[in-house]
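Notes follow the structure.
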Amino acid sequence: MHSVRKRRSNASHRTQQISTPSGLKENVLQKKRQWFHFDLWFCLTLQNWVLDFGRPIVMIILPLEWFPLNKPSAGDYFHMAYNVITPFLMLKLIERSPSALPRSTVYLSIITFVMGASIHLVGDSINHRLILSGYQLHLSVRENPIIKDLKPASLIDSFELLYYYDEQLGHLMWYIPFFIILFIYFTGCFTEVQEQKKMPVSGWLLLGPSALYYWYLVTEGQITELFLLTFLAMVAMVIYQQCKGLSPDSNGLFLFCSFSVTVLLVALWVGYLWNDPVLRNKYPGLIYVPEPWSYYTLHIKNDD
């Protein structure tokens, strides 16, 4: 009888040795996946500011002699780095989602994102060289002084095609998958645990730079409708999940607050330039949201 009890005790001890470490490891991994991902949000915000917003600035600051007009510029190399780093960070963000997400949709979105950003790389590179030659962003292609006198006139059609690839097709193939991925990730950021609903101080400090970048993305990319649709879908998801007793965790709260502040910034931007006649002519239509670089060439560069 004593030997039977001893065998049972040894078997129970071996079971604890086998199961306990793996169980602890799984709990630790689950906690890491659900806690605030400051490293990813910080890297994503930093590289957005440096590699996306900083592209045209570095082209203006660095001497033209360093990067001849027939060679890639510093901004082009920034864009190349952005096209690699951003999809990598977004895939890592999806990996840390506490919920299972549709992988096929994520993969197709990442592939389309890279293709659209690459199309934009070529168009934007040529577009900024035109700016150095006197091209004015607040005017349409045919109204620009350096374009309208081109001979033969069919060259103007080629520049309009370039503008279409740069500002329309490239932006759509770039930004639609970008917001799809963020929304897919957001759908998995809901929990019942109260501790996971609190955003840390690091998240609140990162909120301003993140929202300000999204403002630049929305205004310069001319994707106001796409952004508003994504934001309304996020609001609808929050209402739907709250009916089930769930609320956004710290990562979902950070993303939702960033978009909320972005809406406010876009509204202030539009209100500030509401009565600008030149920009009104450049951006007709129901939704009037001027581009920051058009404002720069109209009101800042011309005053220098």
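These residue numbers are counts, starting from 1, taken along the chain as shown.
Placement of Cβ uses the backbone N, Cα and C atoms for every residue, glycine included.
The region 'Disordered' annotation in TrEMBL covers 1-23. The compositional bias 'Basic residues' annotation in TrEMBL covers 1-11. Marked as compositional bias 'Polar residues' by TrEMBL: 12-22. According to TrEMBL, the feature transmembrane segment maps to 40-62, 77-94, 106-123, 172-189, 201-217, 223-240, 252-274.
Cβ atoms under 8 Å from those of the transmembrane segment (223-240) belong to residues 171, 175-176, 179, 182-183, 186-187, 214, 217, 247-248, 255-256, 259-260, 262-263, 266, 287, 289 of the same chain, restricted to positions at least 6 beyond its ends. Scored by C-beta pairs under 8 angstroms, the transmembrane segment (77-94) has its highest count with 106-123, from the stretches 106-123, 172-189, 252-274. Scored on C-beta pairs under 8 angstroms, the neighbour of the transmembrane segment (172-189) with the top count among 106-123, 201-217, 252-274 is 106-123. Using a Cβ-Cβ cut-off under 8 Å and counting only residues 6 or more beyond its ends in the same chain, the transmembrane segment (106-123) has close neighbours at 76, 79-80, 82-83, 86-87, 90-91, 94, 162-163, 165-167, 169-178, 180-181, 184. For the transmembrane segment (252-274), same-chain residues at least 6 beyond its ends with a Cβ under 8 Å from one of its own Cβ atoms are 36, 41, 182, 185-186, 189-190, 197, 199, 203, 206-208, 210-212, 214-215, 218-219, 224, 227-228, 230-231, 234, 238, 288-290, 295.
Residues 36, 38, 41-42, 45, 48-49, 52-53, 175, 223, 227, 250, 253-254, 257-262, 265-266, 269, 292 of the same chain sit 6 or more residues outside the transmembrane segment (201-217) yet have a Cβ under 8 Å from a Cβ within it.
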